[in-house]
Amino acid sequence: MSQINYNDKSPTETDEKAPHHLTVMDVSDYPDDKQVIAENGNIVTVNEVRVAEEAILAESEFTEEEYNRVKRKTDLLLLPLMWWMYGIQQTDKTGLGTMNLYGVQQDTGMHGNQYSLLTVIFYAAYGLFEFPSNVVLQRFNMGKTLTIYMFCWGIIVLCQAFLHSWAPFMVLRFLQGAFECTISPGFNLIIASWYLTREHNARALVFQSANAGWGIVVDLTMYGIAKAAEKHEGGFAAWRGIAVFLGGQTLLAASVAWFMLGTPNEVRWLSKREKLIACARVMSNNAGTDLTGRKTWKWDQVIEAFKDPVMYFQFVNAFMSCVCNGSLTTFGTVINKSFGFTESEVILYTIPRSVVSVLWFVVVGYTTTKIKGTRMYFMMVSCLFPFVGLLVIALLPSDVSYRWIKWGMYLMSVTFVIPMFSAWSLISSNTAGRTKRSVISSMCFIAYCTGNIAGSQVMKAKDAPHYIPGTIAIAACMGVEFVTIVVWRLYLVWTNRRKQAKIEAMGLTQEEIERKGQELGAEDTTDMKNPFFM
């Protein structure tokens, strides 16, 4: 079998730059963190040599049934946990909007734009801590790191139930943003370490569908809490009970995740053989494999990330989508109420919207798995529905008689999350090089934060309760996002055609193409430098 070749000093030499030709058989006496130089010039660690070559050499040793059995086990154990955790994160983040319906502003003495500033400070912290948190995820056990972060923000949400003024609320929202910033990029990295490229979007959409799916459970629970508070007027306020519930569910999920969450080499519920099967299975992605706690930060990949047009497509797409997200998560309940509904009706009538969202996630996830190359087309279509729906809401008269038409148009806007979520999974599918992937992911989530901040400020207090100028603005953002996705896809098609022409000129067999692509991926070669990465 072919071997990946490396150069470094022998373990007894003192000259760090003295070259020595190595294969996997030669590194048994080297420490895991010892750096060696791959044939393509990449600097990798001995641990990367061992794990990557072991996966490459083992790839052909397992049967298709063994691969499918590990995949089914992963689907059964990991995806429901991620679905639950992601749904909790979304409800913790957006629960402020429901708390607002039940008097959080009055009870804490907020006035002017203080309420909207709670969203600004949350996303400011989210963006500020995004890059350093991604470095932490790359350097340490990913499952345990995500669990610790989740436990911390659970305590913070719980503490919000006992506040009586705006200033400490701002402090806690800042801390909440700092700890919540890890879960989305972390989950996308976990998906990339377990699944084939064609499976990324469907699996990512599974946990992302909890944005609406778990939201149904939480909406019903919060509705029950609010009704109970009404019966005991003068007791524990409804919004405080909601905060206790949200914080409690987060702490419970973190406790379960401590024993279950992680990449193939981190989890306890796989045998040693099953871990090797899981790592060998993803080698065909040409992006390497799981290297728990042994990942080297590479500055050349940082530079390449900023030279890659894909990063800027990701940034613009995320920003535009999140202007809409920031507006609707902060002011959606208020806008809904302005149609002519009561506070309790707003919560109940949000449930059909969540159901439609889940169904759309199922359609997109299933179709993109079965039909290759459809992911970005669904992203485009998912921009058009909210573009039309939001414009109609803004242009219809502000009259209660139109409330059900407006509600229907608001229902259409639910698809706006698909372009953002599918773009996140594209980071795993279309980007090779662990450091480069972390950089692009960080920039994407910085756009996520700045977009949400902008979205919360688009809705001006003077435009309440209908917020017509802000609604037109976020509709325009969906139009810009549609154009961005179209140009982005054309660029990717052009890039693939160039690579395909170079591959054909090499005159290699299909087996040689696959093997070379995997070897370069194992050496942590980026997508731009790996001619076989499509």
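Each residue, glycine too, has its Cβ placed from N, Cα and C.
The transmembrane segment annotation in TrEMBL covers 115-136, 148-167, 174-196, 202-225, 237-261, 346-364, 376-395, 407-427, 439-459, 471-492.
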Tertiary contacts of the transmembrane segment (148-167) (same chain, 6+ residues out, Cβ under 8 Å):
85, 88-89, 92, 95, 107-110, 114, 133, 175-176, 179-180, 182-183, 240-244, 246-248, 250-251, 253-255, 257
Could you tell me whether the transmembrane segment (115-136) and the transmembrane segment (439-459) are in contact, taking contact to mean 3+ Cβ pairs under 8 Å with a sequence separation of 6 or more?
yes
Stretch in 174-196, 202-225, 346-364 most in contact with the transmembrane segment (376-395), if contact is a CB pair under 8 A:
346-364
May I ask which of the stretches 174-196, 202-225, 237-261 has the most CB pairs under 8 A with the transmembrane segment (346-364)?
202-225
Please give the sequence-distant neighbours of the transmembrane segment (237-261): residues at least 6 beyond its ends with Cβ less than 8 Å from one of its Cβ atoms.
77-78, 81-82, 84-85, 88, 91-92, 95, 98-104, 107, 143-144, 146-148, 150-151, 153-162, 190, 218, 221-222, 225-226, 228-230, 267-269
